[in-house]
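Pulled from Swiss-Prot, these are the features on record:
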- 287: active site, proton donor (ACT_SITE)
- 172, 238: Mn(2+) binding site (BINDING)
- 175, 176, 177, 189, 190, 191, 194, 195: prenylated FMN binding site (BINDING)
């Protein structure tokens, strides 16, 4: 399925019973969060609040609130098909030279997909049907959600922030939360390693004290939105990846006030700049950890132009203790990561980021172990190969007879195959998510790897235990007579 814009996607969701229109008046202050949270935890539909209290623009929440809807947004029918997306990314990250004509022929589908990567630049777009500039800009007219009662202010959550470094060939798309502090002012909260922050730092070094241009898109098509949260190779733009997912080139249009290209399909666009000398204290906000984060100074985004469709939809979400929408996205994108990791480490059988681990803070890996110390090599690989895992605090490595997605299996492996002193690897002074207040220093903390594999010669001096196995002939015999035993017959 190809979705040219958000509305195409919503039409499909509605046909499949995956979208609920809410006509009753609902307040963006706390009430939408409460409804969205209850709905997501029950595995419910996307929500379109058509009558937000005090506003004329409807609010879309819980769009990617189930793994199925994430898969649909990527043009797949179910989550398992996302591994095909991962295989494509693995191919693009490290393409292999064809060894024969047969290899070249088998690679043609992937190369045909690559042809859809360039963007298609339009001269005009629906996202610029209505234009407010300078003094006309009033962000308070947008139904920006105030998610939790102790949040300091309303928060823009699903904005696709578009930036470009002065020496970069391509633009960067990233999603960073933005605190509303004035009619035309937002605080841009991006961490120093993220693409937008790196572009900004490069700009400040190359053009000191000059305003840094920014555009933010709200309500783009699902492929573009998901392209901004997927681990695309550094050499591939998010727009190009969205084109691969969609099967058609991503349509863009030039911003009104700068040279940045914005998604033509977007519902609402914010354009403006960051003054390198202007910062403001951000937060506190309830975030994906389930706690309120610390306050810190971040750059201020001054909005000079607000453009939109004639009948826009405001796309929003909330973050809180898992499960929340970021956790669901992490669970679905887990399937994308697996082929990328397996291309570098073929011994990996499965890789799992439990949603309750705040999307990325704990990983369970199962491997076909081949030598002593193998588990430790895989730990180091997980932490270093993809930057998405630089903040993963715990990596548990198990053998391939363990189901990485079954905590009972994993706990059994840890308690029977690992010794705390021998099998726990602790690395200090490593990068840690700034939001992780458990670390002793903001942004710097430790990591732990647990080797829960069977030990080989060189790893133990003792005879290793042999797992209990059932007799196959007995299992078959009992299978045949099980129903007749009536052990679980109704009382």
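Even glycines carry a Cβ here, placed using N, Cα and C.
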Note the Cβ centroid of 175, 176, 177, 189, 190, 191, 194, 195, the recorded prenylated FMN site, then list each other residue of that chain whose Cβ lies within 8 Å of it, in sequence.
161, 174, 188, 196, 197
When the Cα-Cα distance from residue 287 (active site, proton donor) is computed for each of the binding-site residues 172, 175, 238, which gives the smallest value?
175
Near residue 177 (prenylated FMN binding site), how many other Cβ atoms are within 10 Å of its Cβ?
21
Under 8 Å by Cβ from residue 195 (prenylated FMN binding site), same chain, sequence gap 6 or more:
163, 172, 173, 174
In three-state DSSP terms, the structure that residue 190 (prenylated FMN binding site) belongs to:
coil
Could you tell me the C-alpha distance between residue 189 (prenylated FMN binding site) and residue 238 (Mn(2+) binding site) in angstrom, no decimals?
20
Between residue 238 (Mn(2+) binding site) and residue 175 (prenylated FMN binding site), how far is it from one CA atom to the other, in Å?
12
Helix, strand or coil for residue 175 (prenylated FMN binding site)? Use DSSP.
strand
With Cβ-Cβ distance below 8 Å and at least 6 positions apart along the chain, what are the contacts of residue 191 (prenylated FMN binding site)? List them in sequence order.
197, 433, 434
If one looks at the chain holding residue 190 (prenylated FMN binding site), which residues at least 6 apart in sequence have a CB under 8 angstroms from its CB?
161, 174, 176, 196, 197, 200, 298
Would you count the other CB atoms within 10 A of the CB of residue 287 (active site, proton donor), including those on all shown protein chains?
23
Under 8 Å Cβ-Cβ from residue 194 (prenylated FMN binding site), six or more apart in the same chain: what's there?
174, 176
Neighbour tally for residue 176 (prenylated FMN binding site), based on other Cβ positions within 10 Å of its Cβ:
23
Given that the record lists 175, 176, 177, 189, 190, 191, 194, 195 as binding prenylated FMN, what is the largest C-alpha to C-alpha distance among them, in Å?
14
